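A.B. asks: Please see the structure below; I have some questions.
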Amino acid sequence: MKKRLLSGIRTSGVTHIGNVFGAINQWVQMQNDYESFAMLADLHALTTPSEAVNIEKKTLETAKLYLALGLNPKKTTIFVQSHVPQHAELSWILGTIARLGELERMTQFKDKSLGQESINLGLFAYPVLMAADILAYNADAVPVGEDQKQHVELTRNLAERFNSRYGQTFKIPEYISQKSSARIMGLDDSSKKMSKSAENPKNYIAVLDDETTIREKIKSAVTDSGSEITFSEEKKPAVSNLLTIFSLASGKSVGDLEKEFTGHGYGQFKEVLSDALVAYLSPIQEKYKNISNSEIKNVLAEGAKHAQEVAGKTLGEVKKRVGLLQI
Ligand code: TYM
């Protein structure tokens, strides 16, 4: 039997190349070997109301990007989180075994609540819903970027706690990441990750950025002191990040790129990097444009049906385990 994969993206902000290199490209590769589920996390989008404008539009847009980036609905069940009510149900049940202390330690929660006047319960419970997303499918593998590793670890802990309290129910999922692409840094500040909620659009290259925007953003990307184009995360974090992006977009190794640009300045390097990004993103954008709303809605309707069946089975089992009345 094939192993199961589940992952997802929050449908707020913009989908950027960090999401693609860190997460989606892994799902595309793995869909041949895994029974795959790719979710659009619209309930998670609600936890940051300021970013969550137009969730409906963002959800359709991100779903179309899933297809344009190579997810195949015949191999991957593509679905919207809010279309499968079992996620919220399981989240409640897992919430009864999650501890305040462990949720307070989540770095994403700390970052996102920093400076907020009031913090909503949804933001605090975000990782519990994420655990429910994963455990509702008994996923073996969760391919995500490094920023989500802590959430997957919490999921493992909750699964183990549930199993030891109520009896073997959940598989313990594995965090999967690619070393080279797990953490793409911001173009405006190489000490912070590229982020969909960045206030400055020069922080990221969005998958749907046009050629002029890509060139402008790369031109204004920060570099490091010295003029050599060499990879060293400690000494040259900004240039190393650009080299990583270049390598992922072009398929060339970082070593080959270092050789290619020996003796060249940042200006020329950035121009060729922009060419590579444009060449990488344009066919994806072309595919995206050709997917109609009705086509994607059909995919999502099929996906919801299948996801509900699978998650429904798990929830049936979970409710029995915790002792809820069955009629
Ligand atoms: P989100 O939308 O913030 O990020 C989506 C995916 O992109 C990865 N990612 C990055 N990878 C490398 N470099 C970056 N700069 C970068 N920024 C983002 C994230 O690690 C993630 O894999 N909580 C999830 C959504 C989610 C989920 C789930 C994922 C909800 N339920 C269940 C897996 C399983 C998130 O923050 O997505």
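Keep in mind that glycine also has a Cβ here, set from the backbone N, Cα and C atoms.
Unlike curated entries, TrEMBL annotations are predicted automatically.
Okay, these came from TrEMBL:
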- Arg10, Thr11, Ser12, Gly18, Asn19, Gly145, Glu146, Asp147, Ile184, Lys193, Met194, Ser195, Lys196, Ser197: ATP binding site (BINDING)
- Asp133: L-tryptophan binding site (BINDING)
- 193-197: motif ''KMSKS' region' (MOTIF)
A.B. asks: Please tell me which one of the binding-site residues listed here (Arg10, Ser12, Asn19, Glu146, Met194) sits closest to the residue listed as 'L-tryptophan binding site', measuring Cα to Cα?
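C.D. replies: Going through Arg10, Ser12, Asn19, Glu146, Met194 one by one, the closest to the residue listed as 'L-tryptophan binding site' is Arg10.
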A.B. asks: Please check the binding-site residues Ser12, Asn19, Met194 against ligand 1 and give me the ones with CB under 6 A, sequence order.
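C.D. replies: Only Asn19, Met194 qualify.
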A.B. asks: I want to check the contact list for Ser12 (ATP binding site): same chain, sequence separation of six or more, C-beta distance under 8 angstroms. What comes out?
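C.D. replies: Within the chain, Ser12 (ATP binding site) has Cβ neighbours under 8 Å at Ala45, Thr48, Glu51, Ala52, Val53, Ile55, Lys58, Lys196, Ser197.
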A.B. asks: Report the DSSP secondary-structure composition of the motif ''KMSKS' region' (193-197) as helix, strand and coil residue counts.
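C.D. replies: Residue counts for the motif ''KMSKS' region' (193-197) by secondary structure: 0 helix, 1 strand, 4 coil.
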A.B. asks: Of these binding-site residues, Arg10, Lys196, which scores lowest on Cβ atoms within 10 Å?
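C.D. replies: Result for the binding-site residues Arg10, Lys196: minimum number of other Cβ atoms within 10 Å at Lys196.
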A.B. asks: Neighbour count, 10 Å Cβ-Cβ cut-off, for Asp133 (L-tryptophan binding site): what number do you get?
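C.D. replies: A count of 28.
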A.B. asks: Give me the long-range Cβ neighbours of Asn19 (ATP binding site): same chain, 6+ apart, Cβ under 8 Å, in sequence order.
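C.D. replies: The answer is Ile9, Gly145, Lys196, Val207.
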A.B. asks: Inside 10 Å of the Cβ of Met194 (ATP binding site), count up the other Cβ atoms and send me the figure.
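C.D. replies: Counting Cβ neighbours of Met194 (ATP binding site) within 10 Å gives 25.
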